[in-house]
Amino acid sequence: MLTAVVGLQFGDEGKGKFVDYLSGNINNIARFNGGANAGHCVQHGNLRGSFSQLPASLNKKNLYICQGALISLPILVKEIDFIKKEDIDSHIFIDPRCHIVLPLHAELNRASEKYKGKQKIGSVGVGVGACVEDKANRHGIRLIDTFDKEKLRSKLEFLWSIREKQINHVFNAQASLDFEEMLETTHQYGKRIEPYFTFTNEIIGDLLNSGEDVLLETSQATFLDNSFGTYPYTVAYQTLVQTCFAMIGIPAQKMHIVGVMKSYMIRVGNGPFPTELSTEQADYIRERGNEYGTVSKRPRRCGWLDLSLIKHAVKLNGVIELAITNVDVLAGLDEIKVAVAYEIDDKLVCCDNALLQLDRAKPIYKTFKSWSTLNSSYTDLTELPIELIDFLSFIQDYTGVPIKYISYGPDRNQTLVVK
C-alpha cells in the first residue's frame, strides 16, 4: 500500500522528520517531485542529515528517485556520499528520465529574479523553475543524456544558445559560465550515478502489486502548488499528493495520506501571509524553532497558525491523519492565536476565494493559553499540559481529521504517537 507524507502549509513543516520516522516500518521510500530548492532535515541522536534529492531517511532502506524529480547533480552526489560515510547502507534507485538542473539554470534564475525587481518571487536561485521551463519546452537535459558526451554536447549547445541570449539580452545580465567546464562536470557526474539508474515506475509498480508498502515523500507543500497555491508566489510545478501517480508512472490507487503541519505558520520568500507576525513574538518563534532556510539559510517569516488554510489543504490532498510539529516552540508565550476564518471588505469569504486575494484577507482569530516548557519524553497524550491538549483538540475538531503524531523536538524519538 502507498503511504504519502504531504506538507499542508508553505513548506518546512517537518516532512523530513516524519518520512524518517515512518520509514522505520516501511522498506521502500520514494521521492517523486521537486528538486534541490528545498531540504528536509532529519535527526536521530547525534546523527543529523539534510536531504533535498534523496528521500529523507537515516534508516537503511530502498530509496527511489522517480522521473518527476529534478536533479542537481553535485547535491545528489554529496547526499549519496553522506549516507555512505555514515554507513547507512541504503539501496538507491534513480530514474534516468529525471531532468537535470544545470548551473546554467541557476544563473538564469538569478538573472530573472534581479530583472523582476519588486515583482520577484523570492526564489532561492537553485534553477528549478528554469529547468521546468526547459522540460515543458522539450529541450531539457535528462540523466540519460549524460552517457554519451558528444550527444550531451549537442544538447547542451542548443540549450546554451537559447539561454545565453536570454540572460544577456532579455535580462540584461552577463552569462559567466564556462561551457566546456559545465559539459565535462555534467558528464562526469552522470557517469558517477549511472550504476543507480533504474526504471523506478516498474519496480514500484511491482512492489505494490505484490503487497509491499511504499512511502512517498512530497516535496514543497500545498500552498506552493502552481495551481492551488498562492500563485504566482509558488514553485513551478504541482505539489499536491495526487500528482504522485503521474510523476512516478503508476496507476491511481488508494493511499494513506499523512498531512504534516507546524503549530504555527512560516514562509520563505515573497507572497501573501495573512497571519504573519512582525513583533518580538516572531523573533521568539524564529529563534526557538531555528526558522532559517535549510537551503537558502534565509530567516523564515513567522506567524500564527492558519487553520483556514490547513482545512483547505486537508480537503485538497485527501488527508486522513495529521502530524503536528514544533509544539515545543510555542511554550512560554503569553498567549497563542489561531486564524479560523477570513474577512475581505468586512465580509466572510471562503478559502478558495481568499486565496485569489490573500493579500487583502484579514484573519479572524481564536486565542488560546500557552503551555509551559515541555519535557524531553512523553508516552501518552494525557501527560501533555492541558493547555496543549486543548489546542490540539481544537485543531482536530476544526479540520475534522485526527492528530496521529505530535512532534515536540527535532529528534526522531521526540514523537508522540496518539493511540
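Glycine is no exception: its Cβ is also placed from the backbone N, Cα and C atoms.
Of the residues R298, R300, R301, Swiss-Prot puts just one in the GTP site with G11, D12, E13, G14, K15, G16, K17, N326, V327, D328, S407, Y408, G409: R300. Among the recorded positions H40, P299, R300, N326, D328, the ones whose Cα sits within 10 Å of the Cα of G14 (IMP binding site) are H40, N326.
Counting other Cβ atoms within 10 Å of each Cβ, the lowest count among the recorded positions D12, E13, D328 belongs to D328.
Between the CA atoms of N326 (GTP binding site) and G39 (Mg(2+) binding site) there is a gap of 17 Å. Around K297 (substrate binding site), taking its Cβ as the centre, 8 other Cβ atoms fall within 10 Å, counting all chains.
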